[in-house]
Amino acid sequence: MRAQTLRQYLSVHTWAGIVAGFALFVAMLGGALTVFHHEIERWEQPVTRHAPLSLAQTEQLAEMVRAQYPAAREQMGVVLPNHSPMPFAYWQQPDGEWMRARLRLNADGTASSLVTGDARPGLPNTVNSLHYSLSIPTYGLYLMGVVSLFYGMALISGVIVHLPRVTRDIFALRPGRNLKRFWQDAHNAIGVLSLPFHIVFALTGALLCLSLPLMMAFNVLTFENKLAPQFLQMTGAVPARIAPVDGKPLDLQAVLARAEHAAPDLETTAVAWSRYGKPDAVAEVYGEANDSLGVFGAVAVRLNDGEIVGQHSPGVRDTNHAVLSMIYGAHFGNFAGDVMRWVYFILGLMGAVLVYSGNLLWLESRRKRNAAIQPANLRWMAKATAGVFLGTCLGIAVAFVAAVVAPGATSLSIFVVTIVLSMLFAALSAPALAATGLLVATALACLAIPAVDAMFTPDNLVRTLANGDWVLAGVDLIALAGAAIFALFARATWRRARLGDPNSVWARPTASAQTTAQVMPHTPHK
Amino acid sequence: MWSRTFAGLVLGFFAAIAVCGAIAYMTPAGWQTAAIPVIALFPLVWLGLFAVVYASRTAARAWVGIGATTVVAWAALLLARTVW
């Protein structure tokens, strides 16, 4: 390939990576943790850790919502207790607003009232919404879809740029004085080795985030407005028209029994009712089948007599449903049991390292070799890298601590306050100080996770390990591993600040350099 | 760079959506049975065309190349829509 073309792709790679990098890091880190959504959900709610709500209580929740909110009779879903220890109901109000409700539990485990609205988005939901929308309402989803496209572009151009040298350098990891080469080796190795998964993440991520705009574009441009009316039938299990029957709506247990009879391999996770109480009422039962890439399936049960009116599950569905389910399965990584979930967790973390190392490379390849004070754009990029990337790590770790210490506070506000403070700290201090300080803080916050678990809940790591409760122990153990890793990073960063090349944005600011900076605010390094 | 990016962004989008639509119409059981698969294919085709644009020697060639692709893709879509 011509050198000019290669340079072209290199700059596409660099700019796609830099523009999308900050959002992409949050997406990767949040996505890795979201793999263990249900485990974290169990950990963060000490009340229901050992006594999840029952199916009867879930039905009680649905009945209370229907009684208080007539709109919920038209359309409402609940997550089942085997999928979430604290099931919640969701529905849309007549003004279009999505509502959520869960039971307010009394001390004796009974419930008499509802908690509605997103009064306290829990920890796993906060992490998940950071993952798919940066927690920005409405437009965050589309933003992350665009970020996924940038990510895809960075992958394609990265492969084109690095492929010629990949066969030679793939397993080369050359630590030593040349830090740029070390980071380059690490970046390339991670990128190339996990490339198939990254392609899957980028494509399915773009599809999941942009499904609505894409569907509208296809509807208008290619399918002559015939796609939109059929889209629900193409993606859901409920047929367009259901023959009405008289009768009383079946209860939750009976609906689940019918669905499980029709699709024995499906482990049910949620139920959505439509037109509850009407003759054509229907309940759509969602579930996961573990032995298929398209794990997600659904069964539609006519509510008044239990007749199966629609079904799509592995083996019983058309191409549209199969592909859709595969998109979900490939993105969520729950198609091959716990082993694949761990693989996805590691891949997500590696993806975060990939993005982070990309930023470090950007800085390394632009620094001035013979200047104590680096150009302002480099210093600010280094500050932003420390503040946003490491601030995200700190924010999530602090949110874990706060979930147990201050269960009344919302996880999102804890995260936002932490990351804003991190960014302020990074803006006001030298990059080396900011990075080291934030890494130390994150290590301490990770260390605090098992500590507060032991102090504020009846459980602790020793007890959960002794009981073989790997879900609860796992959260604490990963936090400890995180503390060790962040501490090592902090040590390396600080060593570099003191002992490394003094002509770097990551060097510790010396007294003389600071004086120079004050005397000459506009250093002549343009 | 900007010129190529714009070409890939806009013309690449229209070329890719037409290619995917044409594929849907050409499947034996009708486009309804292939709508989701071709929508799933779309980002890959778009990014692929987008990436190829940067390989051209000059920006003008990039515009001619992606422009021709778009015209062919739309011809294929309209043809597939009327014939099948």
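Backbone N, Cα and C atoms are what each Cβ position is placed from, and that goes for glycine too.
Automatic, uncurated: that is what TrEMBL annotation is.
Per TrEMBL, the feature transmembrane segment maps to A:12-36 (among others). Away from its own ends, the transmembrane segment (A:12-36) comes close to residues 124, 127-128, 130-132, 134, 143-144, 147, 150-151, 153-154, 157-158, 161, 201, 205, 332-333, 341, 344-349, 351-352, 354-356, 358-359, 362, 384, 388-389, 392-393, 396, 474-475 of its chain (Cβ-Cβ under 8 Å, at least six residues beyond either end).
As annotated by TrEMBL, transmembrane segment applies to A:139-161 (among others).
Proximity of distant same-chain residues to the transmembrane segment (A:190-218), defined by a Cβ-Cβ separation under 8 Å and at least 6 residues beyond the stretch ends, is recorded for 27, 31, 132-133, 141-142, 144-146, 148-149, 151-152, 155, 158-159, 162, 166, 170, 227-228, 231, 327-328, 330-331, 344, 347, 350-351, 353-354, 357. Marked as transmembrane segment by TrEMBL: A:190-218 (among others).
Among the features that TrEMBL reports, transmembrane segment is placed at A:342-363 (among others). Note on the transmembrane segment (A:342-363): residues 14, 17-18, 21, 24-25, 28-29, 31-33, 35-36, 180, 183-184, 186-187, 190-191, 194, 197-198, 201, 332-333, 378, 381-382, 385, 389, 505 of its chain, located 6 or more positions outside it, place their CB under 8 angstroms from a CB of the stretch.
Remote same-chain partners of the transmembrane segment (A:384-406), defined as residues 6 or more beyond its termini with a Cβ less than 8 Å from a stretch Cβ, comprise 22, 25-26, 29-30, 33, 44, 46, 122-123, 126-127, 130, 355-356, 359-360, 363, 414-416, 418-419, 421-427, 431, 434-435, 438-439, 441-442, 445-446, 448-449, 452-453, 456-457, 475, 479, 482, 486. Annotation source TrEMBL lists transmembrane segment at A:384-406 (among others).
The transmembrane segment annotation in TrEMBL covers A:412-430 (among others).
Panel annotation: around the transmembrane segment (A:437-458), residues 43, 46, 49, 386-387, 390-391, 393-394, 397-398, 400-401, 404-405, 422, 425-426, 429, 472, 475-477, 479-480, 482-484, 486-487, 489-490, 493 of the same chain, lying at least six beyond its termini, place a Cβ under 8 Å from a Cβ of the stretch. Residues or ranges marked as transmembrane segment in TrEMBL: A:437-458 (among others).
According to TrEMBL, the feature transmembrane segment maps to A:470-490 (among others).
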Distant-in-sequence neighbours of the transmembrane segment (A:139-161), which means Cβ under 8 A and at least six residues beyond its ends: 1, 6, 9-10, 12-13, 16-17, 19-20, 23-24, 27, 129, 132-133, 191-192, 195, 198-199, 201-203, 205-206, 208-210, 213
